[in-house]
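Read through the structure below, which is laid out as structure tokens, and then see the notes.
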């Protein structure tokens with residue numbers, strides 16, 4: 001039996017969609033477009049939130065972190081994916097696979113916690129408006145974001161160390177378009193009950209628990225919104241909260257399906273398309289959802305553009 005150390009001397013082969021070659025060119029164009037949208041959209045949110053002083057609030061501090069996270073997440077996956085789709089080789093080095101696996105887990109888990117933090121921020125803004133600035137003071141916001149990043153890092157270290165120790169018996173084929181945990185576990189030539197229990201436990205902590213907190217927060221927010229008599233404020237609350245809830249639904253819906261089900265019950269082809277959605281589509285939709293439904297961001301972009309024009313004329 002080949003050990004994981006022996007396996008590390010060879011490259012891995014990312015099968016991706018090679019069993020459907022007629023789809024590869026279409027998928028590559030689709031992925032490239034969504035990646036450009038992700039880069040432009042998330043970079044715009046980060047810059048606008050930094051440059052416009054009116055957006056120096058907890059909500060946009062968290063949104064900037066989410067945008068930065070999405071930039072890192074997609075960049076850890078898509079460039080290698082495009083190289084494999086456009087080129088004859090489908091390989092990735094062992095070291096590259098480990099890094100891709102680690103960063104995808106780390107950033108994915110961090111996003112789960114960060115979305116829960118953002119839901120608490122919306123709860124405080126809607127349900128405790130008079131005390132909002134006291135509750136969500138800058139130091140607390142920084143601690144909440146740091147906890148999210150450290151939590152993601154811790155979970156990634158645990159899962160990576162367990163998964164990479166599984167013997168693969170010479171199997172080098174990763175049946176996915178990047179080195180993701182379900183595909184790497186299926187490469188193993190032994191069944192590991194321990195890793196399944198650990199993954200399920202971490203899934204409860206990083207998926208079900210944050211989602212439960214988000215749903216509770218929005219349950220309370222819904223009750224508060226029903227009592228709002230001002231039509232203008234009612235619409236503003238629905239816009240900001242609706243944006244976040246849309247992102248939550250898109251992200252958690254697909255990722256829970258992939259990670260909380262027993263790995264042997266998920267169709268591999270079906271799993272690839274679900275993975276494609278939460279790794280590529282959702283990060284590109286986040287900036288569109290937040291900007292198209294948010295007057296504050298659109299107004300900030302206009303102010304910055306006006307300032308730039310005035311500076312150019314001067």
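Even glycines carry a Cβ here, placed using N, Cα and C.
The transmembrane segment annotation in TrEMBL falls on one of the ranges 272-292, 293-313, namely 272-292. Among the stretches 26-48, 98-123, 144-164, 197-221, 242-260, the one making the largest number of Cβ pairs under 8 Å with the transmembrane segment (60-78) is 98-123. Here the transmembrane segment (272-292) has Cβ contacts under 8 Å with residues 16-17, 27, 31, 34-35, 37-38, 41-42, 44-45, 63, 66-67, 70-71, 73-74, 77-78, 104, 176-178, 180, 243, 246-247, 250-251, 254-255, 257-258, 298, 301 of the same chain, all six or more residues outside its ends. Per-residue confidence over the domain 'G-protein coupled receptors family 1 profile' (41-290) averages 86 (mean pLDDT, predicted model).
Residues 17, 55, 63-64, 67-68, 70-71, 74, 78, 81-82, 85-86, 276, 280-281, 283-284, 286-288, 290-291, 297, 300-301, 304 of the same chain lie 6 or more positions beyond the ends of the transmembrane segment (26-48) yet place their CB under 8 Å from a CB of it.
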